[in-house]
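According to Swiss-Prot, the features are:
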- Cys66-Cys159: disulfide bond (DISULFID)
- Cys106-Cys119: disulfide bond (DISULFID)
Amino acid sequence: IVIPRTMEDLDLQKVAGTWHSMAMAASDISLLDSETAPLRVYIQELRPTPQDNLEIVLRKWEDNRCVEKKVFAEKTELAAXFSINYVEENQIFLLDTDYDNYLFFCMENANAPQQSLMCQCLARTLEVNNEVIGKFNRALKTLPVHMQLLNPTQVEEQCLV
């Protein structure tokens, strides 16, 4: 899957801090369609390291409870792309952010034959911003695969530790 690169001038330190998963989309909806689906994760915090890597704190349902996990994303030659080892996903990239309100990112499994893509719209607050969700939907349309949208915006659906 060839992804348009939009964040070449990313300031990684500015994405640090608390985020909330507001919308999710995937090329294969089975990756998201149940609370225990493999990529149904709720981002809590992004922590850039001094080496420009990224520690991602997320929550996910496992064994009928919400657990916190950390995913280490290693920098690549592209400012907004990172290598990860999470489930079968092997790359994460930031599609767009204004640093203060929203951040769109995607996780990709580039290995054939199970190529897949999952993207999320993150927000700094739990307040739903329809303008940002609209922008996320437009960003999804630029991707080379059809994405199916899931809106986990009801707070009770969120996985809280």
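Glycine is no exception: its Cβ is also placed from the backbone N, Cα and C atoms.
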**Q.** C-alpha spacing of Cys106 (disulfide bond) relative to Cys66 (disulfide bond), in angstrom
**A.** 22
Q. Taking DSSP three-state, what's Cys159 (disulfide bond) in: helix, strand or coil?
A. coil
Q: Select one residue from Cys66, Cys159: among these disulfide-bonded residues, choose the one with the most other Cβ atoms within 10 Å of its Cβ.
A: Cys159
Q. If you skip the near sequence neighbours and keep only those at least six away, which residues in the chain come within under 8 angstroms of Cys119 (disulfide bond), Cβ to Cβ?
A. Met24, Ala25, Ala26, Leu95, Phe104, Phe105, Cys106, Met107, Phe136, Ala139, Leu140, Leu143, Met147
